Amino acid sequence: MAAGPPLLLLLSLLCLRGRGQGFGQTRFICTSVPLDGDMCAASAPGTGSAEELKSTVLQLRETVLQQKETIMNQKETIRELTAKLGRCESQSVLEALPGEPKGGGAGRKGGFSKNTMGDLSRAPAAETLSQLGQTLQSLKTRLENLEQFSRMNSSSQTNNLKDILQNKIDDLEKQVLSRVNSLEEGKFNPKNESEERGKIESTLTSLHQRISDLEKGQKDNRPPDRFQLTFPLRTNYMYAKVKKSLPEMYAFSVCMWMKSNASPGMGTPFSYAVPGQANELVLIEWGNNPMEILINDKVAKLPFVINDGKWHHICVTWTTRDGVWEAYQDGTQTGSGENLAPYHPIKPQGVLVLGQEQDTLGGGFDATQAFVGELAHFNVWDRKLSPGEVYSLATCSTRALAGNVIAWAEANIDIYGGATKWTFEACRQLN
């Protein structure tokens, strides 16, 4: 029949279409089939390779999905690293501001500090404003004392200086208020803030010095030991140095009056460094740690609770035999221990600093470890005081002894960087 071959060809195409439906879009393949052959049993060319191709495509698809997931994870990692790099670059810019030292020193924290502007800029702005506010209040109090003194001793020069200082304090208060408004409005530029803080600190230092000059007129009216040191800001340049060094000591007692409400930690009331050992004898309250006494880098924690803005008298006694120590607060023993640098004598020929922790002999100060507050009647003995002697000191008794190694007297202290001396009031309040 003439119509036979076309009919067979059509049926062959239909059979092949049915076999290829699992591959998505339909393809038609023409295949010649003998007249007496089974057209549905005929195999299309490449059918076996198509099955392999399908398997390969599925494997490739799985590989692509896995690679896509890996790329997403890597993108997230890249974003995190980019953010960290941005923070590091920002910090390096701050550390590269003019006036910041790049040197180092082997201190208790394992490194040297930046200057005080760098340390303050890392602190919360609200905390810095609070410190400045406290400093301004301290200056106001001292000016009020000067007013009383000037009324008793009329002097036009003193009154003129007082008026000038009062105007400067008023200007500073306006600057602080302006900074508060900037904070509230969100218009705070870290670089401008650093420059502005530098100007304010410089002005405060100048004010402290000028008020101290005025207060020198009152020195003749007070005993040489009736003074206190004030460290109003956490800086790395404000400190006092005792003119005498310590001798070799196999026992000691260190006593003083302190007043502070600095947080976190009041800092370092005193540090004694010798060649080769910056932590020969140190009293420090750093960060959220309790106050500690260090002898030759060995540490004992002291049970003092004095960070309340009130005057407190503290004493620490120690003997090299078995390293026995005792701690007194306000005339009462609050703690004791042993094995603190046993059989290690305190070495002579060192540098005794008030208000800063030394990372090198006589220097290497770190603003984060600076003492903030007021300090008075720092005395050192080369023996262990009795509980009765400590109580006499804490109660301002007339029987209280002055230190036989270091006695508290204005002639024995040099001050630097704006730390100030003025009349000590704690004993007057007790009596």
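Every residue, even glycine, has its Cβ placed from backbone N, Cα and C.
In TrEMBL, the coiled coil annotation falls on 129-175 of the listed ranges 129-175, 317-363. Per TrEMBL, the listed range annotated as coiled coil is 50-91 (candidates: 50-91, 260-301). Between the listed ranges 96-119, 216-239, TrEMBL ties the annotation region 'Disordered' to 96-119. Confidence in the coiled coil (129-175), given as mean pLDDT, stands at 63.
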